[in-house]
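Student: Before anything else, here's the structure in question.
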Amino acid sequence: MISHYAFFLASSPNDLTPTHISWQPSVNAANHHTDRYANTELTVRRGQPFNITLYFNRPRQNGESLGFVTEIGPSPSESHRTRAAFGLSEAGGSGWSAAQGPSDSAAMNFTISSPPNAVIGRYNLTLRVTAGNKIFSRYLGQFVLLFNPWCPGDDVYMSNENERQEYVLNENGIIFVGNARYIEARGWYYGQFQDLLNICLTMLDLSLYYRQDPAMDVSRRGDPKYLGRVISSMINGNDNDNGVLLGKWQGSFHSHENPSRWDGSVVILKKWRQDNYRPVQYGQCWVFAGVMCTVLRCLGIPTRLVSNFNSAHDVDRNLSIDKYYDSSGRSLNISKDSTWDYHVWNESWFVRPDLGRAYNGWQVLDATPQEQSRGIFQCGPASVLAIKEGEVNLDYDTLFVYSEVNADCNRWIVYNDGSKKRVYCDTEIIGRSISTKAVGSNGRVDVTANYKYPEGSSEERRVYRKALSKILGINVTEGHTDSPGGRSSETMRNPGIAGKFKLAEPPVFGKDINLVLVLNNLSSDRKSIRVDMSASTILYTRRAVAEILKAATAVELGPKQGKHIRVKIPYTHYGKYLTTDKRIQVTALCEVMRSQGLKLLVEKTIILEDTNIIIKVPRRVVVNRAVSLEISYANPLPEPVSRCVLFVTLMNQQVKINLARLAPRERSKIFFEFTPRRVGPLQLQVDFSCDKFSHVKGFVTIAVAPA
């Protein structure tokens, strides 16, 4: 709670001196939508008045005038708009003002107003008393000023109240993961009101921007696009800047936290502070995005998470993602480009006066350290509309994000002599099912149309050529088909066959995987096909972990004939090579014999389904009354598992429960009791691990009713 009063000592019995101050915390916090912050200082939003009451040692006399001074940062100055001095009933040039309300001889009430573009952060407030030619000041205390999405003059103003409740005040989130054909929801606790405000403000003072020029950095903190860019650089620790998280996508996590372990931001940010602001190990894209959303919402910027499926990482920035295979179909890690099954970033809502009104609204910010931008691992803000329209030359990092959602995807065969042929170019695979959480529910909203025109449409290809023209500096016409990188290569002719993998049954972790390669002869000629198949466990970034299958076969296809080739991947082949991503990529390279090497490449990524964690909640849950939940978990494997442990997380409170070993295919359950202390939505998360697998997730959102 915020202390109502602070007390002062008078320097002289005759001077008009404040003896104590009331910050009127209950009224101010309610009016400013800051009543849920756990910090002890008054926290208010800019562009909106707040009230204080001052108690003096004596009544104010004629000839005595009062004023206030607000200061922020290490070198406050009026030229930097980090210092403002203003009297009563007058609006200063800074936009700050004060007015006296109904008062009596013992106490004086004041209303202080900040401009809607004021610098955000922790301010010092001073009273200035003028009596004749004598001026003296009294320090009153500190308050924190935040962005204000409720204020029409603020750059982050959002007109819809339901959206403000979701994107500023909701502490519970949903992150969509998986792949474009199998989208899963994962719970995330943002916890922006859980005693994190001081950590978020300290983060700004640790940035490289602040170190280079503290006064200038603080003076720019009223600009959400500047602040968002700074924060995107600080969530990752790749620039030796005391960033929050280090990323790691492969190798062992035994000595630190596996990124899949995290369920929310609060424990990460508090561990960062506890470890004296050394980066926490480790994070991956959804973790970076979840923590960044917490910080931005905490400071008052409306923010949401967005998941892009089949997300491109275009290192050479030519709008082309290139993947290479050897002549037997095995993936080669010789390209820096990559396509991730999904990538999670943030969108924040604010205006873009630097670009023009048309580009106001949602802006992409990405803290995952993929590529440097102007020498620092940071990304954005990039206007979503600029991305859709192919305006890849606009600030900031619009080209990089455009590539993530709309690059073309090329597949190449590399032969033993070093020559290569492009097997195909897919113009539609990148940027699928771009998703975010619905306002007011746990539903998924597809926002792909915000980022690009329909795939294959004339508008989408027109924008692609426009973006490519800006990169190459030439006018790319409709007939342009060359590889953007200008590679010395040859595109393979159509082999006259088609193929795809089909699952014979849902792929379940712990069971054999059965799928079918369907091959069809599209021509009227008989064809002999050599099929080289391989399968590897992979990460969600599609980087191979271990090869688990290699096979070759021959198929004869008559004119217009189709055939099915059955493929089985036993659990004993893949079990010990899976990561927590539980992904397998199957590839078939189909060569048409006696055709001068014509080949068809067929790929499929398989996500193995976990045996569900089932959480049963009573029909009615009431605040301040104990409730018991049933949580069931299972071993899906054909072998026993031991060292079983269940983590149950409510808000930022976590309980670890050690469990008995489970027999093959066994399901068990526990009962978990707790007492909710607040009315409204409450997210409960469950994480189950054992010696054979880890971090099987489940969550439920509980509606807590008033008593």
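Our numbering is plain: 1 for the first residue shown, then up by one each step along the chain.
Using the three backbone atoms N, Cα and C, a Cβ is placed for every residue, glycine included.
Bear in mind that TrEMBL entries carry predicted annotations, made automatically and left uncurated.
These numbers come from a predicted model, not from an experiment.
Taken from TrEMBL, the feature active site covers Cys285, His343, Asp366. Residues annotated as Ca(2+) binding site in TrEMBL: Asn406, Asp408, Glu455, Glu460. Taken from TrEMBL, the feature domain 'Transglutaminase-like' applies to 277-369.
Describe the structural surroundings of these features, if you would.
Tutor: Under 8 Å, Cβ to Cβ, and six or more positions away along its own chain, Cys285 (active site) finds Trp340, Tyr342, His343, Val344, Trp345, Thr368.
When other Cβ atoms within 10 Å of the Cβ of His343 (active site) are tallied across all protein chains shown, the result is 25.
Around the Cβ of Asp366 (active site), the same chain contributes Ser232, Phe288, Ala289, Trp345, Asn346, Cys379, Gly380, Asp397, Val401, each under 8 angstroms and 6 or more positions distant in sequence.
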Student: Report the same-chain neighbours of Glu460 (Ca(2+) binding site): residues 6+ apart in sequence with Cβ closer than 8 Å to its Cβ, ordered by sequence.
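Tutor: Result: Asn406, Lys452, Tyr453, Pro454.
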Student: Just name the most isolated of the binding-site residues Asp408, Glu455, going by other Cβ atoms within 10 Å of its Cβ.
Tutor: Glu455
Student: Give the number of CB atoms, excluding that of Asn406 (Ca(2+) binding site) itself, located within 10 Å of its CB.
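Tutor: Taking all protein chains shown, Asn406 (Ca(2+) binding site) has 25 Cβ neighbours within 10 Å.
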Student: Can you list, in sequence order, the residues of the same chain other than Asn406, Asp408, Glu455, Glu460 whose CB lies within 8 Å of the CB centroid of the Ca(2+) site?
Tutor: Ala407, Thr427, Glu428, Ile430, Gly431, Lys452, Gly456, Arg461, Tyr464
